[in-house]
Amino acid sequence: MGKTLFQKIWDAHTVGILPDGRTQMFIATHLLHEVTSPQAFGMVRDLGLTVRHPERTFATVDHIIPTDNQAEPFADATADAMIRELRRNCAENGIRFFDLPTGLQGIVHMVGPELGITQPGMTIVCGDSHTATHGAFGAIAMGIGTTQVRDVLATQTLALSPLKVRRINVNGKLAPGVRAKDVALHIIGLLGAKGGLGFAYEYGGEVIDAMSMDERMTLCNMSIEGAARCGYVNPDRTTVEYIKGRLFAPTGADWDKAVERWLGFASDADAEYDEIVEIDGASIEPTLTWGISPDQNTGISGSTPNPSDAADDDERKMINEALEYMKFPADMPLKGLPVQVCFVGSCTNGRISDFREVAALIKGRHVAPGIRALAVPGSQMTARQCEEEGIADIFREAGFEWRLAGCSMCLAMNPDKLQGDQLCASSSNRNFKGRQGSPTGRTLLMSPAMVAAAALTGKVSDAREVFSLN
């Protein structure tokens, strides 16, 4: 009987089985940022312990970083204290910290892949919800809480419960103008915001095989929005070529050995899955959210739902709550809905390929009057690449605010925030109430191409029509 990638990695990292049935797992790589690590370091210190494997631990700063002016001290005293605390903790424990002056700082889920830290076959954890991003490389990557961050710092292990594995096959071919973000939102809408509870998602099929690593990262990044503990893609030659030559990638004879080992983690042809879901890629259209959860979404040709069509009282209640918060009527077409803010960035869609695509679409055009448009690269490496390729200038000339690297408007932990009831077309990952900084601000999740279309027209628009992508 063959094994899935999940089973292979789980078995390879099992230290032992605990009396309660959980598995004590060795953690290959631990990623840190400034928000969830201070308390964990404090607990380790209070216990009289030290960091067990600093060489397997990497840190960066991303959530609280201002993206307009990163001169220190920061205007926000709390943010300034947080970065200083992370510096202290990393220095005291010998942890590699990709700080602002290094030129390698960025969102943690971009820094790991860009530097070659993220590799197939690893167990990877971080005190951040979107750690599943690293699963794009054929790793088992999970977000953890602060007490678990403490445990990994002190022991390099973690007590975890086994997961079921759901294989999600997306076959056929995507229509022109349909992107990885649309696939991710479609899957979440199909399976639900709680559909992945207790599961690891294995993404496969012709559409996934054809995706670039950036696209696979977008897909895996959104796994948690469907409640999956992790999501991954089997490693292949696309994976290998992405890692090759990066700062932490193996070299020489070690490279050849690593590649052979990495590819061996891919699920066997006769592996058995707990569930298999089949999706026709051709059926997916540009997709966007209409409510306050990522599963509340529809294709660009769709409308807000009618509560009277709900399957049960619970669903009816959720629809009513979402429509009330979003200030939308039932049965309202989303196409043509005016927006006030547009955001390209985040660990979901803040990569070089995202900015290349949008730059090609907006070149020679301009943001619609009255629209605030932000472009925020997810890392300093990506920002430099955009400057070198002339991409940043295209955004500036089109009327976008070109920002420094950080999480920015994805969440309300830095100065980039919505005001009042503003409606934002966003390439980020969550549309929860108040997520983007204003307690009444509203978010429409969509692909970068769709954000670009909204920025140029001032309203929700079909990117295929605006940019003649058909």
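Backbone N, Cα and C define each Cβ position, glycine as well.
Straight from Swiss-Prot, the features:
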REGION    294-313  region 'Disordered'
COMPBIAS  294-307  compositional bias 'Polar residues'
BINDING   C347, C407, C410  [4Fe-4S] cluster binding site
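Counting residues of the region 'Disordered' (294-313) by DSSP class, helix then strand then coil, yields 4 helix, 4 strand, 12 coil. Sequence-ordered, the extra residues of this chain that approach the [4Fe-4S] cluster site, with Cβ no more than 8 Å from the Cβ center of C347, C407, C410, are D62, H63, I107, H130, G345, S346, T348, G350, G378, G406, S408, L411, S428, N429. For C347 ([4Fe-4S] cluster binding site), other Cβ atoms within 10 Å of its Cβ number 27. Within the same chain, residues at least 6 positions away in sequence whose Cβ sits under 8 Å from that of C407 ([4Fe-4S] cluster binding site) are D62, H63, I65, I107, S346, C347, M413, N414. Sequence-distant contacts of C410 ([4Fe-4S] cluster binding site), defined by Cβ-Cβ distance under 8 angstroms and a gap of at least six in the same chain, are F343, G345, S346, C347, T348, S426, S428, N429, R430, R435, Q436.
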